[in-house]
Amino acid sequence: MKEELIERFTRYVKIDTQSNEDSHTVPTTPGQIEFGKLLVEELKEVGLTEVTMDDNGYVMATLPANTDKDVPVIGFLAHLDTATDFTGKNVKPQIHENFDGNAITLNEELNVVLTPEQFPELPSYKGHTIITTDGTTLLGADDKAGLTEIMVAMNYLIHNPQIKHGKIRVAFTPDEEIGRGPAHFDVEAFGASFAYTMDGGPLGGLEYESFNAAGAKLTFNGTNTHPGTAKNKMRNATKLAMEFNGHLPVEEAPEYTEGYEGFYHLLSLNGDVEQSKAYYIIRDFDRKNFEARKNTIENIVKQMQEKYGQDAVVLEMNDQYYNMLEKIEPVREIVDIAYEAMKSLNIEPNIHPIRGGTDGSQLSYMGLPTPNIFTGGENYHGKFEYVSVDVMEKAVQVIIEIARRFEEQA
């Protein structure tokens, strides 16, 4: 199993599948289509049936039941794309067997070193086989680790028919990293009662609470004149953007928050005197606090419009996804089964809120309750990203055990 995990994962991460927020195609990048087509062939090779890839790049497949029991159809999902935060082109995965727990020089020439001082969890992987970057790209364990684990688990179940299970559906979705993963997902065609995203982090992660999320695009319009004769004429758009940001509470930003605390995050700011554009994301676990945060944004905009004119600030704000807890609670047994599966494998479940979102956040509101499970990755979206193959193996075992328990309890 370990060899298959390494072979598949290192091959998959070399395919550039970064999504692109500025693209209006579905999927947003051709690499995701290329990867999807490859997976269609490999799912067929493994022995799955009803393997499809639709015009939007969504890959689906079926592992038929091998029991006569009436077992609910369950699904396992992962996403095809990788993050846009750092380059994902020409990924060169580095395999470190029997890791000694000490610092790893990822790139001597660029002096990129993965250290326990900067990443205190690193020594806990002593003795593991870990896969890192070469210090020039992200790795793509988010979410090619989860995708690999699903492939390996399905292969294992096919070759071990003594493990009884109901019908299992598999799906690989595009554009998760830019919040569009479920946008064209056909829940009815998928046909599962429940699902799990394999899109978590370290060993034991079991998540069924996510942020409520919104995005706010602000355009600040200025008036540019010669600075020598600008008095009472110039309106500096970039300064308007700075003024707006100054109205937000400093301590309610990602770098100052944790746990169940929400935030405002200035994701990008660019412009000049004539026009400046800012993009914020708004996050909170509590629905009332979430609405209050959006109201704060709107109120600041109104104040500035009253001060500088209606055209000075233009706001576009849209909800992106909601806390999945509301939709998971009525079917809490799907969390309990995953919890029990981990415990039976001597894995201590680590239940905590997702300070982010998964496809499951949106899918749960589309009628497919979908908690999230660990994959073994650390430090996602950057050059210090790595994954433990030993933990990936545990994730495969959890998938298998969940499938077995649903059949056993039917």
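Keep in mind that glycine also has a Cβ here, set from the backbone N, Cα and C atoms.
Binding of Zn(2+) 2 is attributed by Swiss-Prot to GLU177, HIS381, and the same site annotation extends, among ASP134, ASP142, ASP336, ASP359, to ASP142. Within ASP16, ASP199, ASP272, the residue that Swiss-Prot lists together with HIS79, ASP142 for binding Zn(2+) 1 is ASP199. Look at the Cβ of each of the binding-site residues HIS79, HIS381 and count the other Cβ atoms within 10 Å; the largest number goes with HIS79.
When the binding-site residues HIS79, ASP142, ASP199 are compared by Cα distance to GLU176 (active site, proton acceptor), the shortest distance belongs to HIS79. Taking the Cβ of GLU177 (Zn(2+) 2 binding site) as centre and 10 Å as the limit, one finds 25 other Cβ atoms among all the protein chains shown.
The separation of ASP81 (active site) from GLU177 (Zn(2+) 2 binding site), Cα to Cα, is 7 Å. If you take the Cα of HIS381 (Zn(2+) 2 binding site) and the Cα of HIS79 (Zn(2+) 1 binding site), they are about 14 angstrom apart, rounded to a whole number. Residue density at ASP199 (Zn(2+) 1 binding site): 30 other Cβ atoms are found within 10 A of its Cβ, drawing on all protein chains shown. Around the Cβ of ASP142 (Zn(2+) 1 binding site), 25 further Cβ atoms fall within 10 Å across all displayed protein chains.
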